[in-house]
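I have placed the structure first, in the form of structure tokens, so that the comments after it can refer back to it.
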Amino acid sequence: MIPLRSKVTTVGRNAAGARALWRATGTKENEFGKPIVAIVNSYTQFVPGHVHLKNVGDIVADAVRAAGGVPKEFNTIAVDDGIAMGHGGMLYSLPSREIIADSVEYMVNAHTADAMVCISNCDKITPGMLNAAMRLNIPVVFVSGGPMEAGKAVVVDGVAHAPTDLITAISASANDGVDDAGLLAVEQSACPTCGSCSGMFTANSMNCLTEALGLSLPGNGSTLATHSARRALFEKAGETVVKLCERYYGQEDESALPRSIATKKAFENAMALDMAMGGSTNTILHILAAAQEGEVDFDLADIDALSKRVPCLSKVAPNSDYHMEDVHRAGGIPAILGELNRGGLLNKDVHSVFSDDLESWLDEWDIRSGKASEEAIDLFHAAPGGIRTTEAFSTDNRWDSLDTDAENGCIHSIEHAHTADGGLVVLRGNIAPDGAVIKSAGIDEELWTFTGPARVVESQEEAVSVILNKTIQAGEVLVVRYEGPSGGPGMQEMLHPTAFLKGSGLGKKCALLTDGRFSGGSSGLSIGHVSPEAAHGGVIGLIEDGDIITIDIHNRVLDLGVSDEELERRRAAEEASDKPWQPKNRQRVVSKALRAYAKMATSADKGAVRQID
């Protein structure tokens with residue numbers, strides 16, 4: 001047997017003081033010596049994806065206790081990227097991932113917890129907890145708060161907006177054809193319930209990827225926050241983590257640990273899923289970071305290779321009118337993985353927190369397998385309630401039928417793929433020798449080749465001003481630099497610029513290029529993660545107005561039409577300037593906390609993780 005980590009605080013004379021304190025938290029005599037399971041919650045009233053989680057920890061705790069564990073709950077912080085968007089608050093979003101990971105490590109190691117159930121949901125919370133799980137390598141199960149229901153259709157000035165979501169509201173705000181009353185109607189419909197925003201944005205993308213990594217249960221990524229079916233996921237998470245404890249501590253079975261589950265092959269499967277479902281570009285940052293935390297040899301080159309052979313099987317908002325509730329009706333993540341598996345695109349020799357092998361759990365949970373269990377079929381009938389609410393488990397609505405249309409439905413078969421390439425593409429060239437990323441699933445294929453003159457700005461705020469003041473012209477490439485992990489600092493999301501371009505009618509007429517990043521809600525020719533970033537001496541810092549930029553998604557090229565000699569001349573001039581590799585006219589207050597992150601942050605090709613050594 002492997003001794004419980006918590007034994008140092010619960011067993012023996014030397015632990016008398018710690019036991020006295022444990023008793024003061026409600027620990028009973030017969031609980032000493034049992035595995036302590038940290039219920040890592042993230043409840044907050046600031047974030048709709050987390051507002052319903054206050055009592056969810058109790059559900060998990062009851063299940064842990066019934067299975068023979070000792071539950072102890074704590075909370076992490078949670079930043080709402082949508083509320084933080086478009087102002088200085090967005091500087092804090094990506095760095096909060098590191099704070100969350102550190103806080104989980106601090107709490108779990110300081111109190112010698114034996115295992116964790118991570119109750120996450122929104123953009124940086126799942127990645128932060130995932131980084132912590134890979135770092136700590138103790139038994140863990142992830143269970144998210146679940147996606148929000150899509151908003152109901154609204155008609156504004158004769159134009160239907162159906163169904164609505166956060167991106168609909170932001171785009172409408174920049175559309176001169178939508179008056180204030182129309183905008184109010186859209187925003188009142190856009191976010192009707194608790195849960196992570198309803199499209200295949202960053203939060204839902206990451207929660208889906210935990211299924212493919214093997215660290216969460218089937219349905220985790222797609223079962224609505226409001227549906228009663230989600231309660232069972234929390235209960236099963238509590239039961240499952242205690243079983244993992246028994247396997248690891250009681251049977252010395254290291255296959256129960258996250259690093260044994262989320263191996264390189266599992267990371268490859270997760271990114272194959274990401275390509276197939278057209279996930280957020282932010283997932284690349286977070287998957288690279290998690291791999292580094294778990295000492296998994298998985299990098300941008302691996303992602304590039306996968307994107308060349310895995311097709312895009314599903315287009316979900318912001319790239320279509322489908323939302324997560326539609327993905328769920330089509331069989332959720334098991335259905336997408338099942339299609340990939342039948343196409344020979346998954347590694348089969350992987351296991352999960354609930355199953356010993358991929359084939360058996362896909363047989364049971366893929367509604368297209370012909371062998372799906374009644375439990376699986378029942379789960380994927382869970383439908384939205386259509387009632388505004390902040391309460392979890394508040395609806396029992398059911399779909400009349402499942403979406404099994406592999407040609408025209410929400411999830412296509414490989415034979416009917418949207419594109420032969422994956423929904424995420426890595427571009428390289430003299431602008432981004434270390435890579436840049438674009439969500440190709442959000443772009444009409446006729447726009448996959450684009451050439452235009454650069455319009456250079458040095459902040460997101462300036463980019464928004466250029467768009468809303470209508471000084472950007474069709475055919476231009478808007479270059480937003482010094483917004484990378486170090487240069488921002490914090491690598492702001494450019495949701496407002498992309499949404500405002502779309503709302504201004506330029507979404508298919510301009511490109512946007514940045515060393516920052518994009519929201520999962522961004523679409524169009526939005527190229528982010530340019531590496532090296534400007535603050536690290538990247539070529540993006542040398543681009544001048546009027547320089548010709550070529551984007552070729554088919555050939556994965558991002559090129560600046562400037563000679564090497566001219567770039568060297570510009571580089572020499574930049575390095576001889578008073579403030580080399582810094583924005584020249586930007587007014588931005590940067591706090592001590594953000595400056596600390598900036599000093600350690602790597603460029604996006606490394607996951608924007610902190611480099612300490």
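Note: Cβ is positioned from N, Cα and C throughout, glycine not excepted.
It should be emphasised that the depicted structure is a prediction, and the values quoted were computed from it without experimental measurement.
Binding of Mg(2+) is attributed by Swiss-Prot to D123, K124, E493, and within the candidate set D80, D81, D176, D444 the record adds D81 to that site. A sphere of 10 angstroms centred on the C-beta of E493 (Mg(2+) binding site) encloses 32 other C-beta atoms. Sequence-distant neighbours of D123 (Mg(2+) binding site) (same chain, 6+ apart, CB under 8 A from its CB) are V79, D81, S93, F201, T202, A203, M206, N282, G520. Remark: C122 ([2Fe-2S] cluster binding site) has S42, V47, G49, H50, A78, V79, D80, D81, G145, S196, A203 as non-local neighbours, by Cβ distance under 8 Å and separation of at least 6 in sequence. Cα of E493 (Mg(2+) binding site) to Cα of S519 (active site, proton acceptor): a span of 5 Å. For K124 (Mg(2+) binding site) paired with S519 (active site, proton acceptor), the C-alpha to C-alpha distance reads 12 Å.
Between the CA atoms of C197 ([2Fe-2S] cluster binding site) and S519 (active site, proton acceptor) there is a gap of 11 Å, rounded to the nearest whole number. Taking a C-beta cut-off of under 8 Å and a sequence gap of six or more, S519 (active site, proton acceptor) has these contacts in its own chain: D81, M85, F201, T202, S280, N282, E493, M494, L495, T498.
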